[in-house]
Amino acid sequence: MAANSQGNFDGKFEALDLAELTKKQPWWRKLFGQESGPSAEKYSVATQLVIGGVTGWCTGFVFQKVGKLAATAVGGGFFLLQLANHTGYIKVDWQRVEKDMKKAKEQLKIRKNKQIPTEVKSKAEEVVSFVKKNVLVTGGFFGGFLLGMAS
């Protein structure tokens with residue numbers, strides 16, 4: 001399939017849509033490269049631990065701050081609801097609450113008996129595969145995450 005004198009190619013070619021191909025790839029393949037294997041082959045042990053530790057610490061720190069804010073909001077909301085109930089501003093229909101709780105329990109029992117969807121299983125298998133191939137990065141991440149939660 002050589003080019004003729006005007007720059008046109010002889011023969012038929014199939015166009016490859018790279019945008020569609022990259023959409024189907026997991027995020028870690030985009031980060032570490034296509035079928036590059038474990039990141040241990042690309043980076044040194046220290047680099048992997050630093051990458052995992054720093055990202056883990058940042059995630060843990062943000063998780064801690066957001067968690068505190070969420071806990072404060074939920075706790076404050078419950079406190080205000082109890083205060084409003086005690087002072088008579090709102091009246092709770094406990095029979096209706098009990099009926100709804102029983103209905104929710106039944107739905108949970110039904111869902112418990114069903115199998116895990118295949119999409120969830122495949123995602124879990126991808127995560128397990130990533131963790132097995134990148135033990136140092138994952139270990140650094142979890143260590144950093146715990147440090148971030150503590151700071």
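Backbone N, Cα and C atoms are what each Cβ position is placed from, and that goes for glycine too.
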Swiss-Prot topology check: G67, S151 same side of membrane: yes
Overall pLDDT for the topological domain 'Cytoplasmic' (1-42), taken as the rounded mean: 63
Residue counts (helix, strand, coil, in that order) that DSSP gives for the topological domain 'Mitochondrial intermembrane' (148-151): 3 helix, 0 strand, 1 coil
